[in-house]
Amino acid sequence: MDATTSGTPTILYHNIPDQSGTAIAAASVPTFPRQVRHCFGDSSPGEFPLAANPSIVLHATCSFFRRPANFTPDYELSISELAALDICQKRAIFKPMTDEECQNLKRKCGGSWKLALRFLLAGEACCRREKSQAIAGPAHSIAVTSTGVVYSFGSNTSGQLGHGTMEEEWRPQQIRSLQGIRIIQAAAGAGRTMLVSDAGRVYAFGKDSFGEAEFGVQGTKLVATPQLIESLKDIFVVQTAIGNFFTAVLSREGRVYTFSWGKDRKLGHQTEPNDVEPQPLLGALEDVPIVQIAAGYCYLLCLACQPSGMSVYSVGCGLGGKLGHGSRMDEKHPRLIEQFRLLNLQPMVVATGAWHAAVVARDGRVCTWGWGRYGCLGHGNEECESVPKVVEALSKVKAVHVATGDYTTFVLSEDGDVYSFGCGESASLGHNTAAEGQGNRHANVLSPELVKSLKQVKEKVVQISLTNSIHWNAHTFALTESGKLYAFGAGDKGQLGVELMNNQTERVNPERVDIDLE
(Lines of atoms letter the chains of each structure in order from A; the text may use other names.)
(Lines give C-alpha, C1' and ligand atoms only; values in the text may rest on other atoms or scores of the structure.)
Protein backbone atom coordinates (compact mmCIF):
# COMPACT_ATOMS: atom_id res chain seq x y z
CA MET A 1 0.00 0.00 0.00
CA ASP A 2 1.30 3.47 -0.80
CA ALA A 3 0.45 6.96 0.37
CA THR A 4 -2.16 7.47 -2.31
CA THR A 5 -4.14 4.37 -1.50
CA SER A 6 -3.86 4.86 2.26
CA GLY A 7 -5.28 8.34 2.14
CA THR A 8 -2.33 9.86 3.99
CA PRO A 9 -0.07 12.67 2.79
CA THR A 10 3.28 11.80 1.29
CA ILE A 11 6.41 12.70 3.28
CA LEU A 12 9.28 13.81 1.09
CA TYR A 13 12.65 12.79 2.55
CA HIS A 14 15.68 13.87 0.59
CA ASN A 15 19.23 12.70 1.25
CA ILE A 16 18.66 11.33 4.74
CA PRO A 17 22.05 11.64 6.51
CA ASP A 18 23.52 9.11 8.94
CA GLN A 19 22.27 10.19 12.36
CA SER A 20 21.64 8.73 15.76
CA GLY A 21 18.39 7.11 16.85
CA THR A 22 17.76 10.02 19.23
CA ALA A 23 17.99 12.51 16.40
CA ILE A 24 15.53 10.54 14.30
CA ALA A 25 13.11 10.16 17.18
CA ALA A 26 13.30 13.89 17.91
CA ALA A 27 12.68 14.85 14.29
CA SER A 28 9.55 16.82 13.58
CA VAL A 29 6.90 14.51 12.14
CA PRO A 30 3.49 15.82 11.02
CA THR A 31 0.44 14.29 12.69
CA PHE A 32 -1.57 12.02 10.40
CA PRO A 33 -5.29 11.47 10.83
CA ARG A 34 -6.20 8.10 12.31
CA GLN A 35 -8.28 5.86 10.13
CA VAL A 36 -9.70 2.37 10.34
CA ARG A 37 -8.03 -0.21 8.11
CA HIS A 38 -9.99 -3.38 7.48
CA CYS A 39 -6.93 -5.59 7.84
CA PHE A 40 -6.83 -4.61 11.56
CA GLY A 41 -10.56 -5.00 12.21
CA ASP A 42 -11.88 -2.06 14.22
CA SER A 43 -8.57 -1.09 15.79
CA SER A 44 -6.73 2.09 14.84
CA PRO A 45 -3.11 2.00 13.77
CA GLY A 46 -0.43 4.34 15.10
CA GLU A 47 0.21 7.75 13.70
CA PHE A 48 3.44 7.00 11.76
CA PRO A 49 2.34 6.07 8.22
CA LEU A 50 4.34 2.88 7.53
CA ALA A 51 2.59 2.54 4.20
CA ALA A 52 3.46 6.09 3.16
CA ASN A 53 6.73 4.87 1.64
CA PRO A 54 8.24 1.54 2.70
CA SER A 55 11.74 2.19 1.40
CA ILE A 56 11.99 5.50 3.30
CA VAL A 57 10.84 3.83 6.51
CA LEU A 58 13.30 0.99 5.94
CA HIS A 59 16.09 3.50 5.32
CA ALA A 60 15.27 5.30 8.55
CA THR A 61 15.15 1.99 10.42
CA CYS A 62 18.61 1.07 9.12
CA SER A 63 19.91 4.41 10.32
CA PHE A 64 18.26 3.92 13.72
CA PHE A 65 20.03 0.59 14.25
CA ARG A 66 23.27 2.11 12.91
CA ARG A 67 23.51 -0.24 9.95
CA PRO A 68 24.03 1.00 6.39
CA ALA A 69 20.93 1.00 4.22
CA ASN A 70 23.01 0.37 1.07
CA PHE A 71 20.45 2.09 -1.12
CA THR A 72 18.99 5.51 -1.78
CA PRO A 73 15.40 6.01 -0.56
CA ASP A 74 13.00 5.15 -3.36
CA TYR A 75 9.59 6.82 -3.53
CA GLU A 76 8.08 4.14 -5.77
CA LEU A 77 9.11 0.70 -4.49
CA SER A 78 7.12 -1.43 -2.06
CA ILE A 79 9.00 -3.49 0.51
CA SER A 80 8.62 -6.66 -1.58
CA GLU A 81 9.96 -4.89 -4.66
CA LEU A 82 12.81 -3.45 -2.62
CA ALA A 83 13.66 -6.91 -1.27
CA ALA A 84 13.63 -8.37 -4.79
CA LEU A 85 15.97 -5.60 -6.01
CA ASP A 86 18.31 -6.28 -3.11
CA ILE A 87 18.49 -9.99 -4.03
CA CYS A 88 18.97 -9.12 -7.72
CA GLN A 89 21.96 -6.98 -6.80
CA LYS A 90 23.60 -10.02 -5.22
CA ARG A 91 23.36 -12.13 -8.41
CA ALA A 92 26.63 -12.54 -10.30
CA ILE A 93 25.39 -11.46 -13.73
CA PHE A 94 23.44 -8.50 -12.29
CA LYS A 95 26.36 -6.89 -10.45
CA PRO A 96 28.25 -5.53 -13.49
CA MET A 97 25.13 -4.03 -15.08
CA THR A 98 24.80 -0.26 -15.35
CA ASP A 99 21.73 1.51 -13.96
CA GLU A 100 20.35 1.86 -17.49
CA GLU A 101 20.89 -1.86 -18.20
CA CYS A 102 19.19 -2.75 -14.90
CA GLN A 103 16.16 -0.65 -15.74
CA ASN A 104 15.99 -2.14 -19.24
CA LEU A 105 16.04 -5.64 -17.76
CA LYS A 106 13.28 -4.70 -15.31
CA ARG A 107 11.20 -3.26 -18.15
CA LYS A 108 11.69 -6.34 -20.33
CA CYS A 109 10.64 -8.61 -17.45
CA GLY A 110 7.32 -6.81 -17.00
CA GLY A 111 8.27 -3.72 -15.01
CA SER A 112 8.81 -5.48 -11.69
CA TRP A 113 11.94 -6.38 -9.73
CA LYS A 114 10.17 -9.50 -8.49
CA LEU A 115 9.75 -10.64 -12.10
CA ALA A 116 13.36 -9.71 -12.87
CA LEU A 117 14.48 -11.81 -9.89
CA ARG A 118 12.42 -14.75 -11.10
CA PHE A 119 14.09 -14.41 -14.50
CA LEU A 120 17.60 -14.42 -12.98
CA LEU A 121 16.96 -17.35 -10.63
CA ALA A 122 15.33 -19.45 -13.36
CA GLY A 123 18.36 -18.99 -15.61
CA GLU A 124 20.77 -19.95 -12.85
CA ALA A 125 18.81 -23.12 -12.05
CA CYS A 126 18.53 -24.28 -15.67
CA CYS A 127 22.20 -23.89 -16.57
CA ARG A 128 23.93 -24.41 -13.20
CA ARG A 129 25.62 -21.03 -13.50
CA GLU A 130 28.26 -20.45 -10.84
CA LYS A 131 28.16 -24.20 -10.05
CA SER A 132 30.15 -27.23 -11.12
CA GLN A 133 29.02 -29.03 -14.25
CA ALA A 134 30.01 -31.82 -16.65
CA ILE A 135 29.24 -31.93 -20.37
CA ALA A 136 29.17 -35.18 -22.36
CA GLY A 137 29.92 -34.19 -25.94
CA PRO A 138 30.32 -36.27 -29.10
CA ALA A 139 33.45 -38.32 -28.22
CA HIS A 140 34.90 -35.65 -25.91
CA SER A 141 33.97 -34.22 -22.52
CA ILE A 142 34.20 -30.95 -20.61
CA ALA A 143 34.12 -30.51 -16.82
CA VAL A 144 33.86 -27.14 -15.05
CA THR A 145 34.60 -26.75 -11.34
CA SER A 146 32.59 -24.50 -9.02
CA THR A 147 35.44 -21.97 -9.21
CA GLY A 148 35.35 -21.88 -13.02
CA VAL A 149 38.38 -24.06 -13.82
CA VAL A 150 37.93 -26.17 -16.97
CA TYR A 151 39.09 -29.73 -17.65
CA SER A 152 38.71 -31.63 -20.93
CA PHE A 153 39.34 -35.17 -22.15
CA GLY A 154 38.47 -37.55 -24.98
CA SER A 155 38.76 -37.23 -28.76
CA ASN A 156 40.89 -34.33 -30.00
CA THR A 157 40.96 -34.66 -33.78
CA SER A 158 40.05 -30.99 -34.26
CA GLY A 159 41.73 -29.51 -31.18
CA GLN A 160 38.42 -29.50 -29.30
CA LEU A 161 40.15 -30.21 -25.97
CA GLY A 162 41.84 -26.80 -26.05
CA HIS A 163 45.31 -27.99 -24.95
CA GLY A 164 47.15 -26.74 -28.04
CA THR A 165 47.59 -30.23 -29.50
CA MET A 166 45.60 -32.79 -31.49
CA GLU A 167 46.39 -35.65 -29.13
CA GLU A 168 43.70 -37.74 -27.50
CA GLU A 169 43.47 -37.59 -23.69
CA TRP A 170 41.71 -40.06 -21.41
CA ARG A 171 42.81 -38.32 -18.22
CA PRO A 172 41.07 -35.01 -17.41
CA GLN A 173 43.51 -32.19 -18.19
CA GLN A 174 43.13 -28.58 -17.11
CA ILE A 175 43.03 -26.03 -19.93
CA ARG A 176 45.98 -23.95 -18.75
CA SER A 177 45.50 -21.05 -21.17
CA LEU A 178 42.26 -20.14 -19.34
CA GLN A 179 43.97 -19.42 -16.01
CA GLY A 180 42.56 -16.23 -14.52
CA ILE A 181 39.28 -16.60 -16.46
CA ARG A 182 36.26 -17.99 -14.61
CA ILE A 183 34.03 -20.16 -16.81
CA ILE A 184 30.35 -20.49 -15.87
CA GLN A 185 28.93 -22.57 -18.74
CA ALA A 186 30.15 -24.95 -21.46
CA ALA A 187 28.82 -26.59 -24.63
CA ALA A 188 30.33 -29.42 -26.66
CA GLY A 189 29.56 -30.26 -30.27
CA ALA A 190 31.12 -32.48 -32.92
CA GLY A 191 34.78 -31.42 -32.95
CA ARG A 192 34.00 -28.12 -31.24
CA THR A 193 33.81 -26.63 -27.73
CA MET A 194 32.44 -23.30 -26.51
CA LEU A 195 32.89 -21.75 -23.06
CA VAL A 196 31.20 -18.75 -21.41
CA SER A 197 33.02 -16.68 -18.78
CA ASP A 198 31.53 -14.78 -15.86
CA ALA A 199 32.36 -11.59 -17.77
CA GLY A 200 29.99 -12.62 -20.58
CA ARG A 201 32.79 -13.48 -23.03
CA VAL A 202 32.65 -16.57 -25.24
CA TYR A 203 35.69 -18.71 -26.09
CA ALA A 204 35.70 -21.40 -28.77
CA PHE A 205 38.15 -24.04 -30.00
CA GLY A 206 38.14 -26.97 -32.39
CA LYS A 207 36.45 -26.53 -35.76
CA ASP A 208 36.15 -22.85 -36.56
CA SER A 209 32.71 -22.92 -38.21
CA PHE A 210 29.59 -22.05 -36.21
CA GLY A 211 27.56 -24.18 -38.64
CA GLU A 212 29.69 -27.30 -38.53
CA ALA A 213 27.70 -30.48 -39.11
CA GLU A 214 28.77 -33.81 -37.63
CA PHE A 215 30.61 -34.91 -40.75
CA GLY A 216 30.57 -31.62 -42.66
CA VAL A 217 33.49 -29.98 -44.41
CA GLN A 218 32.76 -26.40 -43.41
CA GLY A 219 35.46 -24.39 -41.72
CA THR A 220 38.87 -23.41 -43.02
CA LYS A 221 41.05 -24.09 -39.99
CA LEU A 222 41.28 -25.82 -36.64
CA VAL A 223 41.82 -23.91 -33.40
CA ALA A 224 43.58 -25.93 -30.67
CA THR A 225 43.45 -23.31 -27.87
CA PRO A 226 40.53 -21.19 -26.62
CA GLN A 227 40.00 -18.09 -28.75
CA LEU A 228 37.74 -15.16 -27.91
CA ILE A 229 34.81 -14.78 -30.33
CA GLU A 230 35.18 -11.17 -31.42
CA SER A 231 31.74 -10.91 -33.02
CA LEU A 232 30.18 -11.43 -29.57
CA LYS A 233 32.29 -8.87 -27.71
CA ASP A 234 29.39 -6.40 -27.48
CA ILE A 235 26.94 -9.03 -26.18
CA PHE A 236 27.08 -10.21 -22.56
CA VAL A 237 26.51 -13.95 -23.07
CA VAL A 238 25.32 -16.30 -20.28
CA GLN A 239 24.70 -19.52 -22.25
CA THR A 240 25.67 -21.15 -25.53
CA ALA A 241 24.23 -24.20 -27.31
CA ILE A 242 25.62 -26.13 -30.27
CA GLY A 243 23.18 -27.79 -32.67
CA ASN A 244 23.71 -29.42 -36.03
CA PHE A 245 24.37 -26.75 -38.68
CA PHE A 246 24.03 -23.85 -36.25
CA THR A 247 25.07 -22.38 -32.90
CA ALA A 248 22.97 -20.27 -30.52
CA VAL A 249 23.85 -17.96 -27.64
CA LEU A 250 21.73 -16.34 -24.94
CA SER A 251 22.44 -12.84 -23.67
CA ARG A 252 22.20 -11.61 -20.08
CA GLU A 253 19.06 -9.66 -21.01
CA GLY A 254 17.34 -12.79 -22.35
CA ARG A 255 17.82 -12.29 -26.08
CA VAL A 256 18.75 -15.21 -28.36
CA TYR A 257 21.28 -14.95 -31.19
CA THR A 258 22.11 -17.64 -33.76
CA PHE A 259 25.00 -18.28 -36.11
CA SER A 260 24.71 -19.98 -39.51
CA TRP A 261 21.96 -22.12 -40.98
CA GLY A 262 20.09 -19.03 -42.04
CA LYS A 263 19.78 -20.05 -45.70
CA ASP A 264 16.15 -20.01 -46.85
CA ARG A 265 15.37 -18.31 -43.54
CA LYS A 266 15.46 -21.55 -41.56
CA LEU A 267 16.03 -19.53 -38.36
CA GLY A 268 14.27 -16.37 -39.39
CA HIS A 269 17.22 -14.72 -41.11
CA GLN A 270 19.00 -14.97 -44.45
CA THR A 271 22.69 -15.77 -43.92
CA GLU A 272 25.30 -18.11 -45.33
CA PRO A 273 26.34 -21.30 -43.48
CA ASN A 274 29.80 -19.90 -42.70
CA ASP A 275 28.53 -16.56 -41.39
CA VAL A 276 30.39 -15.50 -38.21
CA GLU A 277 28.04 -12.67 -37.22
CA PRO A 278 25.36 -13.37 -34.59
CA GLN A 279 21.80 -12.80 -35.80
CA PRO A 280 19.07 -11.96 -33.26
CA LEU A 281 16.15 -14.38 -33.16
CA LEU A 282 13.25 -12.02 -33.77
CA GLY A 283 9.57 -12.58 -34.43
CA ALA A 284 7.67 -13.66 -31.31
CA LEU A 285 10.82 -13.55 -29.14
CA GLU A 286 11.85 -9.99 -29.94
CA ASP A 287 10.62 -8.64 -26.60
CA VAL A 288 10.31 -11.89 -24.63
CA PRO A 289 13.04 -12.65 -22.03
CA ILE A 290 14.53 -16.14 -22.46
CA VAL A 291 16.15 -17.95 -19.53
CA GLN A 292 17.41 -21.11 -21.27
CA ILE A 293 18.11 -22.38 -24.79
CA ALA A 294 18.49 -25.99 -25.95
CA ALA A 295 19.72 -27.02 -29.41
CA GLY A 296 18.99 -30.37 -31.06
CA TYR A 297 19.30 -31.74 -34.56
CA CYS A 298 18.38 -28.70 -36.67
CA TYR A 299 16.01 -27.14 -34.14
CA LEU A 300 16.06 -24.87 -31.10
CA LEU A 301 13.91 -24.62 -27.97
CA CYS A 302 13.69 -21.44 -25.88
CA LEU A 303 12.37 -21.31 -22.31
CA ALA A 304 10.69 -17.94 -21.76
CA CYS A 305 9.97 -16.14 -18.48
CA GLN A 306 6.99 -13.79 -18.84
CA PRO A 307 4.67 -12.06 -16.33
CA SER A 308 1.99 -14.64 -17.16
CA GLY A 309 4.37 -17.52 -16.36
CA MET A 310 6.92 -19.78 -18.04
CA SER A 311 6.51 -20.96 -21.62
CA VAL A 312 8.45 -22.67 -24.43
CA TYR A 313 9.03 -21.54 -28.01
CA SER A 314 10.47 -23.69 -30.81
CA VAL A 315 11.98 -22.99 -34.23
CA GLY A 316 13.67 -24.99 -36.98
CA CYS A 317 13.13 -28.46 -38.45
CA GLY A 318 9.87 -30.15 -37.49
CA LEU A 319 10.59 -33.73 -38.59
CA GLY A 320 9.34 -36.29 -36.09
CA GLY A 321 7.09 -33.68 -34.47
CA LYS A 322 9.94 -32.42 -32.29
CA LEU A 323 8.78 -28.77 -32.42
CA GLY A 324 5.69 -29.71 -30.39
CA HIS A 325 3.01 -27.98 -32.47
CA GLY A 326 0.98 -31.03 -33.51
CA SER A 327 2.56 -31.31 -36.95
CA ARG A 328 5.87 -32.12 -38.63
CA MET A 329 6.14 -28.78 -40.41
CA ASP A 330 9.24 -26.59 -40.14
CA GLU A 331 9.00 -23.27 -38.33
CA LYS A 332 11.14 -20.43 -39.70
CA HIS A 333 10.26 -18.15 -36.78
CA PRO A 334 9.89 -18.96 -33.06
CA ARG A 335 6.43 -20.25 -32.23
CA LEU A 336 4.84 -20.74 -28.81
CA ILE A 337 4.10 -24.37 -27.87
CA GLU A 338 0.45 -24.09 -26.81
CA GLN A 339 0.11 -27.57 -25.31
CA PHE A 340 1.64 -26.60 -21.96
CA ARG A 341 -1.18 -24.15 -21.33
CA LEU A 342 -3.74 -26.88 -22.10
CA LEU A 343 -1.96 -29.21 -19.66
CA ASN A 344 -1.92 -26.45 -17.00
CA LEU A 345 1.81 -26.96 -16.76
CA GLN A 346 4.57 -24.42 -15.99
CA PRO A 347 7.81 -25.50 -17.77
CA MET A 348 10.96 -24.97 -15.70
CA VAL A 349 13.67 -26.88 -17.64
CA VAL A 350 13.90 -27.82 -21.34
CA ALA A 351 16.12 -30.41 -23.00
CA THR A 352 16.63 -31.40 -26.64
CA GLY A 353 17.74 -34.75 -27.98
CA ALA A 354 18.55 -35.53 -31.58
CA TRP A 355 14.90 -35.93 -32.58
CA HIS A 356 12.95 -35.59 -29.35
CA ALA A 357 12.55 -33.09 -26.52
CA ALA A 358 11.56 -32.99 -22.86
CA VAL A 359 10.40 -30.54 -20.20
CA VAL A 360 10.22 -30.60 -16.41
CA ALA A 361 7.33 -28.65 -14.89
CA ARG A 362 7.22 -26.65 -11.67
CA ASP A 363 5.04 -29.35 -10.10
CA GLY A 364 7.55 -32.08 -11.02
CA ARG A 365 5.74 -33.55 -14.02
CA VAL A 366 7.77 -34.57 -17.07
CA CYS A 367 6.63 -34.10 -20.67
CA THR A 368 8.26 -35.57 -23.78
CA TRP A 369 7.53 -35.31 -27.48
CA GLY A 370 9.06 -35.95 -30.92
CA TRP A 371 10.30 -39.16 -32.51
CA GLY A 372 9.83 -42.00 -30.01
CA ARG A 373 12.35 -44.39 -31.52
CA TYR A 374 13.78 -46.95 -29.03
CA GLY A 375 11.32 -45.70 -26.40
CA CYS A 376 13.12 -42.40 -25.75
CA LEU A 377 9.81 -40.68 -24.88
CA GLY A 378 9.10 -43.05 -22.00
CA HIS A 379 5.47 -43.75 -22.96
CA GLY A 380 5.93 -47.51 -23.25
CA ASN A 381 6.12 -47.55 -27.05
CA GLU A 382 8.12 -46.17 -29.99
CA GLU A 383 5.43 -43.93 -31.42
CA CYS A 384 5.93 -40.28 -32.33
CA GLU A 385 4.23 -37.56 -30.30
CA SER A 386 3.83 -34.21 -32.07
CA VAL A 387 2.74 -32.34 -28.92
CA PRO A 388 4.13 -32.58 -25.37
CA LYS A 389 2.72 -35.56 -23.46
CA VAL A 390 3.04 -36.22 -19.72
CA VAL A 391 5.09 -39.32 -18.88
CA GLU A 392 2.52 -41.17 -16.77
CA ALA A 393 5.04 -43.76 -15.55
CA LEU A 394 6.71 -40.92 -13.58
CA SER A 395 3.50 -39.66 -11.98
CA LYS A 396 4.74 -40.56 -8.47
CA VAL A 397 8.15 -38.94 -9.03
CA LYS A 398 8.76 -35.23 -8.50
CA ALA A 399 11.33 -34.40 -11.15
CA VAL A 400 13.69 -31.44 -10.95
CA HIS A 401 15.80 -31.93 -14.06
CA VAL A 402 15.85 -33.77 -17.38
CA ALA A 403 18.62 -34.55 -19.88
CA THR A 404 18.25 -35.88 -23.41
CA GLY A 405 20.63 -37.39 -25.93
CA ASP A 406 20.70 -39.61 -28.98
CA TYR A 407 17.33 -41.36 -28.47
CA THR A 408 17.87 -41.46 -24.69
CA THR A 409 16.35 -39.56 -21.76
CA PHE A 410 17.34 -39.22 -18.10
CA VAL A 411 15.15 -37.75 -15.36
CA LEU A 412 16.51 -36.56 -12.01
CA SER A 413 14.13 -36.57 -9.03
CA GLU A 414 13.99 -34.17 -6.10
CA ASP A 415 15.58 -36.74 -3.78
CA GLY A 416 18.45 -37.49 -6.17
CA ASP A 417 17.13 -40.67 -7.79
CA VAL A 418 17.82 -41.08 -11.51
CA TYR A 419 15.53 -42.68 -14.10
CA SER A 420 16.43 -43.44 -17.71
CA PHE A 421 14.79 -44.79 -20.85
CA GLY A 422 15.40 -45.13 -24.57
CA CYS A 423 18.25 -46.60 -26.59
CA GLY A 424 20.43 -48.99 -24.61
CA GLU A 425 23.37 -48.97 -27.01
CA SER A 426 26.81 -48.47 -25.41
CA ALA A 427 25.29 -49.22 -21.99
CA SER A 428 24.75 -45.47 -21.59
CA LEU A 429 21.41 -45.92 -19.76
CA GLY A 430 23.17 -47.35 -16.72
CA HIS A 431 21.02 -50.50 -16.47
CA ASN A 432 23.42 -53.40 -15.94
CA THR A 433 20.76 -56.09 -16.41
CA ALA A 434 23.21 -58.62 -17.82
CA ALA A 435 25.13 -58.67 -14.54
CA GLU A 436 21.90 -59.56 -12.77
CA GLY A 437 21.23 -62.38 -15.20
CA GLN A 438 18.26 -60.62 -16.72
CA GLY A 439 19.33 -60.37 -20.34
CA ASN A 440 21.04 -57.97 -22.72
CA ARG A 441 22.63 -54.97 -21.02
CA HIS A 442 22.21 -53.04 -24.29
CA ALA A 443 18.44 -53.58 -24.39
CA ASN A 444 16.19 -50.63 -25.14
CA VAL A 445 13.98 -49.35 -22.31
CA LEU A 446 10.50 -48.17 -23.29
CA SER A 447 9.39 -46.84 -19.89
CA PRO A 448 11.35 -45.03 -17.14
CA GLU A 449 13.44 -47.32 -14.94
CA LEU A 450 15.40 -46.43 -11.83
CA VAL A 451 19.15 -46.44 -12.48
CA LYS A 452 20.06 -48.76 -9.62
CA SER A 453 23.78 -48.56 -10.33
CA LEU A 454 23.72 -44.87 -9.29
CA LYS A 455 22.00 -45.76 -6.00
CA GLN A 456 25.21 -47.55 -5.07
CA VAL A 457 27.08 -44.25 -5.22
CA LYS A 458 25.20 -43.36 -1.99
CA GLU A 459 25.24 -39.64 -2.79
CA LYS A 460 22.60 -37.32 -4.13
CA VAL A 461 22.96 -36.77 -7.88
CA VAL A 462 22.48 -33.13 -8.92
CA GLN A 463 23.25 -33.19 -12.65
CA ILE A 464 23.08 -35.66 -15.53
CA SER A 465 24.67 -35.05 -18.93
CA LEU A 466 24.70 -37.36 -21.92
CA THR A 467 25.89 -37.34 -25.51
CA ASN A 468 23.48 -35.54 -27.82
CA SER A 469 24.64 -36.85 -31.19
CA ILE A 470 23.32 -39.27 -33.79
CA HIS A 471 26.71 -40.43 -35.08
CA TRP A 472 28.77 -41.18 -31.95
CA ASN A 473 28.59 -43.86 -29.29
CA ALA A 474 27.01 -42.20 -26.27
CA HIS A 475 28.35 -41.76 -22.76
CA THR A 476 26.78 -40.35 -19.60
CA PHE A 477 27.94 -38.31 -16.60
CA ALA A 478 26.38 -38.15 -13.14
CA LEU A 479 27.54 -35.34 -10.86
CA THR A 480 26.93 -35.63 -7.11
CA GLU A 481 26.22 -32.95 -4.53
CA SER A 482 29.77 -33.12 -3.17
CA GLY A 483 31.33 -32.62 -6.63
CA LYS A 484 32.19 -36.24 -7.42
CA LEU A 485 31.84 -37.19 -11.09
CA TYR A 486 30.81 -40.65 -12.30
CA ALA A 487 30.87 -41.85 -15.92
CA PHE A 488 29.49 -44.81 -17.86
CA GLY A 489 28.78 -45.76 -21.47
CA ALA A 490 31.13 -45.58 -24.45
CA GLY A 491 34.75 -44.71 -23.74
CA ASP A 492 36.53 -45.67 -26.94
CA LYS A 493 38.00 -42.17 -27.38
CA GLY A 494 38.79 -41.54 -23.72
CA GLN A 495 35.62 -39.50 -23.22
CA LEU A 496 34.79 -41.20 -19.90
CA GLY A 497 37.90 -39.85 -18.21
CA VAL A 498 38.76 -43.33 -16.90
CA GLU A 499 41.24 -45.84 -18.29
CA LEU A 500 39.81 -48.84 -20.16
CA MET A 501 41.75 -52.09 -20.07
CA ASN A 502 41.90 -55.28 -22.15
CA ASN A 503 40.36 -53.82 -25.30
CA GLN A 504 37.32 -52.53 -23.45
CA THR A 505 35.27 -49.88 -25.24
CA GLU A 506 32.70 -49.02 -22.57
CA ARG A 507 31.86 -49.00 -18.88
CA VAL A 508 28.60 -50.58 -17.78
CA ASN A 509 28.66 -49.42 -14.16
CA PRO A 510 29.33 -45.81 -13.06
CA GLU A 511 33.07 -45.26 -12.63
CA ARG A 512 34.51 -42.43 -10.53
CA VAL A 513 36.43 -39.88 -12.63
CA ASP A 514 39.61 -38.69 -10.93
CA ILE A 515 38.58 -35.07 -10.60
CA ASP A 516 36.91 -33.05 -7.82
CA LEU A 517 34.58 -30.43 -9.26
CA GLU A 518 33.97 -28.69 -5.94
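Including glycine, each Cβ sits where the backbone N, Cα and C put it.
Automated prediction, rather than curation, is the source of TrEMBL annotations.
Positions annotated as domain 'RCC1-like' by TrEMBL: 132-466. Mean pLDDT for the domain 'RCC1-like' (132-466) in this predicted model: 89.
Feature annotation from TrEMBL assigns repeat 'RCC1' to 148-199 (among others).
For 200-253 (among others), the entry in TrEMBL reads repeat 'RCC1'.
Per TrEMBL, repeat 'RCC1' is recorded for 254-306 (among others).
Residues or ranges marked as repeat 'RCC1' by TrEMBL: 310-363 (among others).
If you look up TrEMBL, you'll see 364-415 (among others) marked as repeat 'RCC1'.
Look at the repeat 'RCC1' (416-482): DSSP puts its residues at 10 helix, 23 strand, 34 coil. Per TrEMBL, the feature repeat 'RCC1' maps to 416-482 (among others).
Sequence annotations record features per position, and here TrEMBL assigns repeat 'RCC1' to 483-518 (among others). Among residues of the same chain six or more beyond the repeat 'RCC1' (483-518), those with a C-beta under 8 A of the stretch's C-beta atoms are 132-134, 136-137, 139-141, 143-146, 151, 153-155, 168-172, 426-428, 430, 432, 434-435, 441, 453-454, 456-457, 459, 466-467, 472-477.
In terms of DSSP helix, strand and coil, the repeat 'RCC1' (310-363) has 7 helix, 25 strand, 22 coil. Note on the repeat 'RCC1' (364-415): DSSP counts are 6 helix, 23 strand, 23 coil.
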